[in-house]
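As written in TrEMBL, here are the features:
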- 54-509: domain 'Amidase' (DOMAIN)
- Lys111: active site, charge relay system (ACT_SITE)
- Ser186: active site, charge relay system (ACT_SITE)
- Ser210: active site, acyl-ester intermediate (ACT_SITE)
Amino acid sequence: MISRHLQCSAQAAIPTRTHVLETSEQQASTHQRPISVIRKIRESLISRERTAVEITEGYLAKLQEREPHIRSFLHISAEKALLDAEEIDKLLSEGGGGELGLLAGVPLGVKDNLCTRDMPSTGGSQILKGYCPPYDATAVCKLREAGAVLVGKTNMDEFGMGSSTESSAYQVTSNPWDLSRVPGGSSGGSAAAVAAGQCAGALGSDTGGSIRQPASFCGIVGLKPSYGRVSRFGLMAYASSLDVVGCLGASVLDTAILLQVIAGHDKNDSTSSLEEVPDYAAQLLPVEGLSSKPLAGVKFGLIKETMDEEGVEEDVASAVKAAALHLQELGASVTEVSLPMFSLGLPAYYVLAPSEASSNLARYDGVRFGPRAHGEEVMSMFGNSRAEGFGPEVKRRILMGTYALSAGYYDAFYKRSQQVRTLIQRDFKAALQDVDVLLSPVAPSAAYKIGEKLDNPLSMYLGDLMTVNVNLAGLPSLVVPCGIAEGGTCGLPVGLQMIGPTFGEEALLRLGHIFEQTLPMNFNAPLLTS
C-alpha cells in the first residue's frame with residue numbers, strides 16, 4: 001500500500017530563498033540533465049531492449065499506483081492502450097522498424113476537452129457526462145497516426161474555466177510536489193500526470209495560460225504554440241479566438257517532438273495556418289557539441305511590468321532573475337523592456353473570453369448537447385438543463401460574457417476590450433523588433449493550497465496576469481523550470497516564460513533546450529513511496 005510520504009529529490013538541498021548558481025565543479029557532481037523520455041522509449045523499442053507492451057504495462061502500473069493520490073485522470077483506457085502497444089510490437093516483429101512513427105509506443109495522456117472516439121470526452125463537466133464523440137480531434141488523430149499509445153483522458157477545470165482544476169465537476173487533482181496543493185489549471189491533470197510519471201507526455205489546451213501555469217506549478221515543460229499552428233478541430237470551444245492546443249513534457253525535446261506531430265494545416269479548421277512545419281527536434285543539439293557561449297548574440301527582454309507587480313512573490317522574482325543571469329553567462333544579452341499596455345491585458349481577457357464562452361456554450365441546452373432537464377415549457381427546460389449541468393465557475397463566466405455583450409454595454413466593455421487587444425498586440429510586436437525573445441514569470445506565485453482561493457475568484461483570476469496577454473496577441477510561449485520556491489516538503493518549482501514572435505516556436509525550443517540542459521538544478525517531482 002502506498003503511503004502519503006513524499007521522497008524529496010535532489011533539489012531539496014538547494015537554497016530556496018536565493019538561487020545562487022553553482023560552480024562548474026558542483027554542476028558536474030549534482031546536475032542531471034533532463035532527458036527526452038519519448039526518444040528514450042523509441043530507442044529502447046528499436047534496439048528491442050523493451051517491447052511496447054512492456055513499456056505500456058510499466059506506465060499503466062505507475063498510473064494506477066499513483067492515481068488515488070494524484071487524481072489526474074478522468075478515464076483510463078488500459079485495454080485499448082495494451083492492444084495498441086501489441087500492434088506496435090507486431091509491426092516491429094515483421095521488420096517494420098523503419099515505418100515506426102515519431103511516437104511509436106509512447107504512452108500519452110490527452111486533456112478531456114479534446115474529442116476521442118474510443119473514450120469519454122466530458123470537458124470536465126457534468127453536462128457532458130458519459131459523452132463519447134464519434135470522431136477524434138485532429139491533434140489526437142495525428143498522435144494515433146504517429147503510433148502513440150493513449151492511456152487516458154486527464155482532468156481539467158470545467159470547459160477550461162479555472163486555474164487550479166478545482167472547478168472540475170468530478171475531482172480535484174493534486175500537485176505531485178505537494179499533495180495539498182493545486183497543480184494549476186485548466187490543464188492541471190495533464191501536467192500532474194507528466195510530473196508524476198503516469199505518462200510520457202500529454203496534450204493540453206491554453207486559452208489564457210492553461211498549459212503554461214500548470215507546467216510551472218508542476219516543474220515540467222509546457223508549450224503554447226502560435227494561434228493557428230495546431231488545428232482546433234475537435235477541441236471543445238471556450239474562447240475560439242484564444243484557444244490553442246499544446247503540449248506538456250518532461251523536457252523541451254519531448255515537447256518539440258509532440259509539436260512536430262500535431263502541428264500543421266487542417267482543412268477542418270479554417271483558422272489553422274498554411275505555414276510550413278519545421279523539424280523542431282532536429283534543431284535541439286546535444287550541449288556537449290556547443291560552444292562555451294552558445295547563446296552569444298541572442299537578445300532577451302525581461303518584461304518590466306511582470307517584475308514590478310506587488311503581487312509577485314519574492315521567490316518567484318528571484319528565480320526569474322537568476323534565470324536571466326544564467327542566460328547572460330551563456331552569452332546572451334538580457335535587457336529590461338516595457339510593455340505599457342501589459343496591465344490592461346487581464347481585464348480585457350476577462351471580458352473577451354467570457355463573451356466568447358457565453359456564445360460557444362449556448363449549444364449545451366438539453367437539446368443539442370447535454371442531458372435534458374424537466375421544464376414546463378422550452379425556456380424553462382433550457383434553463384433547468386443548464387443550471388443542473390454547469391458548475392459555478394462556468395455559470396459565472398457565462399453571466400459575465402452575456403452582460404458584456406448586452407445591448408447597453410457592448411461598446412463600453414466588449415468593443416473597448418477588442419481595442420485594448422490591438423494595443424497589446426502592437427506592444428509585443430514593437431518589443432520583439434528590439435529583442436529576440438521576451439521573458440517573464442509564469443505566475444505571481446508557486447503552487448498554492450487546494451481551497452485557498454476558491455472563495456475569492458478575483459484572486460485566482462489575478463494568477464493569469466502573466467499569461468493572458470500572450471493569448472491576446474496569438475504568440476507562442478515556452479515554459480521551462482528555472483528555480484525552487486519555499487513551500488511544501490521539498491520546495492515548489494518555478495517556471496520561466498519565454499515568448500517569441502508568431503510561428504517562432506523553432507527558436508523558442510532551441511533556446512529553451514540550451515537553457516534547461518545547462519541550468520545547474522534538478523526538477524524531479526517528489527515520488528510517492530511505499
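From the backbone N, Cα and C atoms, a Cβ is placed for every residue, glycine too.
Note that TrEMBL annotation is computational and uncurated.
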Query raised in the report: At the level of the C-alpha atoms, what whole-angstrom distance separates the residue listed as 'active site, acyl-ester intermediate' and Ser186 (active site, charge relay system)?
Result: 5
Query raised in the report: How many neighbouring Cβ atoms, not counting its own, are there within 10 Å of the Cβ of Ser210 (active site, acyl-ester intermediate)?
Result: 35
Report task. Return the residues near Lys111 (active site, charge relay system), defined as same-chain residues 6+ apart in sequence whose C-beta is under 8 angstroms from its C-beta, sorted by sequence, else 'none'. Result -> Lys153, Thr154, Met156, Ser187, Gly189, Ser190, Ala202, Leu203, Gly204, Ser205
Report summary line: In all the protein chains shown, the tally of other Cβ atoms within 10 Å of the Cβ of Ser186 (active site, charge relay system) is 35
**Report entry** Overall pLDDT for the domain 'Amidase' (54-509), taken as the rounded mean
**Finding:** 95
